[in-house]
Amino acid sequence: MKFTSSILLLTFVCLSQPSAHAAGVDIQAAIQKAGSYIVELDGTPGNTNIQAITNSHFTELFNGFTLHANKDFDPIQIASIPGVKRYQASPTNITYPYLHHATGVDAVVQNLGFTGKGVKIGVVDSGVDFNHPELGNCWKTLAAFPVVKPGPHPMDCMGHGTHVAGIIAGQGPQVIGVAQDATMGMYRVRDIISLSLGGGGWPEDPTSVACSNMVKKGIIVVVANGNDGDAGLFTAGSPGLGHGVISVGSVDNWNITGMPLMCKRDFPFVFENNVPLVTVVDSANSKLGCATISQDLKGKVALIQRGNCTFNEKAANAQAAGAAGVIVYNNAPGMMSPSVTDPSVTIPVVIITQEDGAYAVSALASGNVTVKAPKSNMSDFSSYGPSPELDIAPIVSAPGGNIYSTYPLKLGGYISMSGTSMATPYISGTAALFKQAHPKYSVDQLRQALSTTAKPRSDKTTGKNIHPYWSGSGLVNIFDAINSRVEFSPSALALNNTMSGPLSSVFGSMMGYFPRWSVRRVSIKNTDPHKAARISFSNSVADSLTPWAADGTFNPKPRTGWSTMPQAYAPELHSNNLVGPGQTRNIAVVITAPYGLKDSERWFYGGFLNFTMSWGFPLLADASGNVTTAPVTEKTPQVFNFRLELPSRLVSITLQDSKKKTMGYLPGGYLEYVSRNLQTPETFMYSAVVNGTVFKDTLMTQRVKVPAGQYQINLNALRPLGNPKNPKDYQAWTFTCDLHL
């Protein structure tokens, strides 16, 4: 969805829980370990004091509260409590269990304790229904932020802004946002601005320039990349093209297709390949699936109408007939939150709208219909880069297709919507979590962290990575971003002009053809102040894209092509792959075009540079124990230090030359029946000496002096119960060093 507006609402919206007071000791004692229920109390809203027992309560539209139960809780206990009018199972939360797991949000909340508290997020959108219970059910203005025209408050009459607000900071039970405790508002802020809007397409557009200037002032600006993916390349919109802005692409919610809601949490509705959809007719000649189903549904998805029996019964009957999954379509307008609680049901079950169900029934009456619900693909509508100046856009992707969130109460309260508009607030929420974890980080540091720790998406058709012009760096992973101990700059490399010719100056004669190539430098900073980091480098091929057919005609939908050959090299890491504590290395990367793609077809190629960092042992140190990257000389021998976390029957440390010839064992480099290392100073590590001398035999009697050159240290430790004669039974590690002898 897009929303375009030239109005900045500067009025503050307080999206925190409303206040109330205690309801009674009896209730408090009974719900100590309760949950996943909505409890209605006697009396009118606002007259019961229950703040002392729970913050998950309502006071204006409903007199009651929500509970979160463990598996041992018996809900019958609730009914016996004085003052309880009725209770019901709370609707299953749609957003949290699935999306937040894949993006690392749940790990951040549960393991690190960050919820966005203290971080301000300004939403420039269609407003917000501030009366919604999952958005705090309150409205507040601050004198420092005066109300501006066109109205005294930002009540949402369209729904777009309320949906966005729920994605950022929904407080449950149905919608749990990314940053539940962030302060959100329609006002001018100094932390994060979330813009689910856009249009145009140049970095010089006024909105792009304005956002670029906000970034310069230290404000994090997150913007939707656009929903024009069906128009192909160069569809990324402003203000997402602003310099330093975090432009966002959309990934489909793989547990929801069309507008269904998940019913069976442990069995996601995922079908990578087309699966037949079949209308069910049970033994009662009904489409309700409430009686035995005699059809052979093996390998098929059953389409069943809602009504007359429970979802448990419908699912169990379909499963007994061999169904691979169930789609229930509503028997009334709108949506609802169903639940399948029968533990014997092990197939995915979803519900769709009455309108969508009628469409499916009609399609089945006309012929065969298949269902495909691939996991975590890029959304078809998500706009492609590059910018008109060939910069990469989007920067990162987030869940944006089929996202269930809050909606104005007058319009139903909840809805599923799709768009980069939905992906944008998701990234805004992750930015709030990062800001809480690292309050002193700059906008550029945050942008780089989100980008360089994202996970590239895979093209299910080609098996290669999706091009960065569509997915950016991939699906955000905020847990890895917060915990990263390395900073990369820049986070994206736009090659633009490339050279054409031999690479002899870089690789000698190893290249057998004359590719297009380019050299870029990447800065790698080890932020750990105490430990050196080792850099392991590889690259991943992505689909190449072109809007031109082989016959020279133009087609908006990009055509893909690819090559399996390596596309990137980091020659400097061959001789030295270490970066010291708190130090920064600037490394040249040579990037070559895929072999076999014709220049005449105007291909855009790309991929991902993979830097795997490891801290700690094994490492090379000087005589004083300091980590070093200096070469070995006769006057400056080095010590190779390593630890064993498990005992090993056999450990060997050998030196190998550039032609892969093993020269011999390092001094101290052959050990049998080795104990694991302990934490005391005398047992903390094992060591071998690197001084240009090796031994040909395991008894260390046949000494050999090696010539100067580049060598590789090979550490091999035999795994428990391993066969010493089987190379696969060893855990191996390698390290490159220079001997200047």
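Using the three backbone atoms N, Cα and C, a Cβ is placed for every residue, glycine included.
The active site, charge relay system feature in TrEMBL is assigned to Asp125, His160, Ser421. The domain 'Peptidase S8/S53' feature in TrEMBL is assigned to 116-459. Under the heading domain 'PA', TrEMBL lists 276-358. Look at TrEMBL and you will find 1-22 tagged as signal peptide.
Residues of the domain 'PA' (276-358) grouped by DSSP class, helix first, strand second and coil last, total 15 helix, 18 strand, 50 coil. The two recorded residues, Asp125 (active site, charge relay system) and Ser421 (active site, charge relay system), show a Cα separation of 10 Å. Across the structure, His160 (active site, charge relay system) and Ser421 (active site, charge relay system) are spaced 8 Å apart at their Cα atoms. Put plainly, the active-site residues Asp125, His160, Ser421 were compared by Cβ crowding within 10 Å, and the winner is Ser421.
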